[in-house]
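As recorded in TrEMBL, the features of this protein are as follows:
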type	residues	note
COMPBIAS	124-156	compositional bias 'Low complexity'
DOMAIN	26-122	domain 'Phytocyanin'
REGION	121-156	region 'Disordered'
SIGNAL	1-25	signal peptide
TRANSMEM	165-183	transmembrane segment
């Protein structure tokens, strides 16, 4: 009976390790400035529930406001923002499927194209997405961007540390399984 208990315990650990490896959320780092074409970048990405947006910018020069509707987004109406942040490294977790709207809170910047809409889909397995590259490829600014330059709009990093821990757990479970069969 003791051997069956050990085998069951190892199988549970093994299943947990495998389950953790496929459900990592992605962290999408957004370079928040006037020269970036954020909407072109966003159209090429898959954002999933559980992912996180991190807006990086010069504090004091910009801010990030979350708008409640497409109408507010299109009109750059930042007066009724759902949330407003200005630290220079602002995080927003994508908690449900749907479209979210973000704009710069600095007067005139939204009208100059400093805004992005993020479409989030259900599901938490970001590992199959192409977003897990360390640096995204450069994007070509659209006509809504003021300066005409090519910039790296974002980089996305997966939770590599968590993934490493999951693999270590998997190895530990496999070694544990083997050692159970050879215990004297």
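Each residue, glycine too, has its Cβ placed from N, Cα and C.
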Model confidence over the domain 'Phytocyanin' (26-122), averaged pLDDT: 94
Counts by DSSP class (helix H/G/I, strand E/B, coil) across the domain 'Phytocyanin' (26-122): 12 helix, 40 strand, 45 coil
